[in-house]
């Protein structure tokens, strides 16, 4: 009996190991060379990953636009989870079964997907086919190669409720604000709101409980080389930004972090029901705000867009002649497992979506595309519900993201990002003083060996 | 016979014990009963409170849900939320999928689990304890530690975006075997011994003696398996991509993502997602209340 | 009646085969023993097989792969590369891991006795002829069937330091002082424990109740005739008779507490800071946020070892007690 048991156990471990091995070697995938030229007359079906379709209609716009141009190609959308897209994608890539066209949701895991999964096709030729004046693909460059092409670029702006500013008589944003002006206006607004008869539940501004709200601005507005600063292990430069964030919540100029985390109230809900006067967020909010005002989920009021406040500290200010903000690029990749006409069609889709035609589809629906041209800008500004005042127009067209995004590729950065998230939560819950939390994060990064 | 278990609530864990006894109604017993009810009502209030809040929120206007200080009752009762959600969420499809998964998992788990448990509990054979420890050991491994290898395996069989993958993963978990084995251990050995002497085969003992006796535990396993399968979130999330295969939990979660501000509808959906299990529970618990308690040893 | 009472309470479960040994005629007995032995193996395997086949392929095999991955570097893609003890050296020096280790113990040490005491109490109470017990049973099970996302939402609001009903209630007694719950590092874990207990009490109550109902009432009657009081009956009949169920409840509760994940994930996401970060969540985070499945498996393996140590202690203790 003993021996039977032992044999069983051995066979078992062997089987388990074999399984791993077998699954690991399923990379019978095509590389660029074996992909034929795209044949628009061939009947082809490609799959396209997407999430939260009613909230992010851009996937449908792209699908329909492309199918209109190439009636023989069917684009089939596979719906992923909005919050867990990357986990699902990791599993898919690991099993070698992703969709043919893969949206790259965040830059955080781009490096892993591109370099380690070996599941993304090399799209360097497509990236090179664009003029960098129109399409800046540098966000997705890894050692001269491109595994993703940006098709959408969101940047942070400040939304404000024109009606509230009018009623309270506080001076509306004029495009020259620094963060000090921002805090000062919030204080002024607080008393003005009361005088104008607003309730206690109306706040001057809103602080997002994600770390990007504080840290990304500090990175881009006060550091010459954000990536180097992130890798330095010394995060003291976040301090002025945190002091202002704490001031906002201590003086009740914005809902505090704890309330936000525990009640999960959203800026969409608050701004939409006129409970906040002004706040910075990504310009992806525009299309959502327009549609929710249209379908009645949000109240109807006048709003505008202004540039995000700038760094008041002259010694570290990186502002050029344009306001510096934070931007994020979202890219499209092609699965390496898509071969033959499928692969060719998927590439054509990416090329089309990232190019001017795809950009126009997005822009006219109020989604900000990565591809820039006068035609696209015009379409974007002309999208339904888009504010038409001069400041809003200027904000949308005239800004600087310095480095086009805080480039967060590479293993080290994703570790540091997690640590800085912890620091952010420790500071904003006011459980740890700013200095100590930032020093701890630096120390932990050193311990983990990701910074020197 | 009438007093099934002779304890008062207060005596169960810590302090004084007053045996229930129909013959003498002592003041102490009355106090015990009163305390018993007080405890039960307090516990019920405590456990139901969040659910009550959920139900009340589901009939509120969205802006009324998060108020400071907390407001329990809506100004206007928005029952129409229950109508609205059907048009915004694909509840019928989600419910159908979840029912398919939960029923299949429960049947497979109860059937194979109780069968295997008999082997582990009542038949002594070499290597039994070791094999059994293997079963328990897998419970101790967090799913995320092996989900990628498992995913690779199932998708290499072409099952990744399908309901059978979810059913397969849950049906053979060690949980059911472990639980049923422990319940069978409670059934006195003398029963199966007597049957063996009478010449009954192991299958006969299982079918004619053990199975009829394990009604309450099978009901408990069934209810728990059903609940777990119903509420399972991570596995369908990782495996299912096609909206027509979504389960309630995935659907709700995606609904939360899409209507992130519509907490009234989210709460409405949550209430609706709980109702089917409630029915199963009410149905199932009848069985194990009327269980074997008094007749078990007659054989 | 009394026969069954003694045979149940007094003896460990054995079976037909084992009982025959111990007589004189050794050769014949040996053969008989062999037959029974073989038959038992055959029967045992037949009973186990339907479940075991599925279990071995779908669960055991992937679980076994974890043991290899824990000694490798692996980003979920391609093959894991064996890297010996590198993960373990890193683990020993990883502050966050150790913090999560202690927090897991904290959670388990408070959560387990609390939940067990309340669940057992409720089970015994609900096993009586109490009027309306069906309602209470349902009420107690309710938290377990409520979606955890909804539950976390409600509790987070109830724990709100300023306006939450819990603190409003506490202030009545303390005159103003009340804990900050989820917004402070000291009180976040107690809040999580309260919710964990709330959620699981009904579940374990159901299990214990099912166990209680398999105890023959005759035992209690016999004991009462012998003059045993409730307390004595509890310890002399209920607890020994419940031992298999208690063992199951304790093992699953311990394992469940050690690997608690969804609760902290939806309630606090490990915060504030890392004050409610538990091992399972750390493993999860290392795997999916930092794409280090190898190191994550090492963390999971520690969790596994913790569970197994406690389980084996319980297993051995249980076997001794049954003899």
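Using the three backbone atoms N, Cα and C, a Cβ is placed for every residue, glycine included.
Remember, TrEMBL labels are computer predictions, not curated facts.
Annotation source TrEMBL lists region 'Disordered' at C:1-23.
Marked as transmembrane segment by TrEMBL: C:45-71 (among others). Packing against the transmembrane segment (C:45-71) from elsewhere in the chain are residues 80, 82-85, 87, 293-294, 297-298, 300-301, 304: each is 6 or more residues past its ends and has a CB under 8 Å from a CB in it.
Taken from TrEMBL, the feature domain 'ABC transmembrane type-1' covers C:101-314.
According to TrEMBL, the feature transmembrane segment maps to C:105-126 (among others).
The annotation transmembrane segment is assigned in TrEMBL to C:138-155 (among others). Nonlocal intrachain contacts for the transmembrane segment (C:138-155), taken as residues 6+ away from its ends with a CB within less than 8 angstroms of a stretch CB, comprise 122, 126, 191, 194-195, 198-203, 205-206, 262-263, 266-267.
Long-range contacts of the transmembrane segment (C:187-210) within its own chain (CB-CB distance under 8 A, at least 6 residues past either end) are made by residues 103, 106-107, 110-111, 114-116, 118-120, 122-123, 126-127, 137, 139-144, 148, 151-152, 155, 159, 179-181, 242, 245-246, 248-249, 253, 256-257, 260, 263-264, 267-268, 271-272, 275-276. Look at TrEMBL and you will find C:187-210 (among others) tagged as transmembrane segment.
Residues or ranges marked as transmembrane segment in TrEMBL: C:246-267 (among others). Sequence-distant contacts of the transmembrane segment (C:246-267) (same chain, six or more residues past either end, CB-CB distance under 8 Å): 104, 107-108, 111-112, 115-116, 119, 148-149, 152, 155-156, 182, 191-192, 195-196, 199-200, 204, 207-208, 211, 239, 276-281, 284, 303, 306-307, 310-311, 314-315, 318.
As annotated by TrEMBL, transmembrane segment applies to C:293-317 (among others).
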Contact set of the transmembrane segment (C:293-317) with the rest of its chain, CB cutoff 8 A exclusive, min separation 6+ beyond the ends, reads 66-67, 69-76, 80, 83, 87-88, 90-91, 97, 101, 104, 247, 250-251, 254-255, 258-259, 279-280, 282-284, 286-287
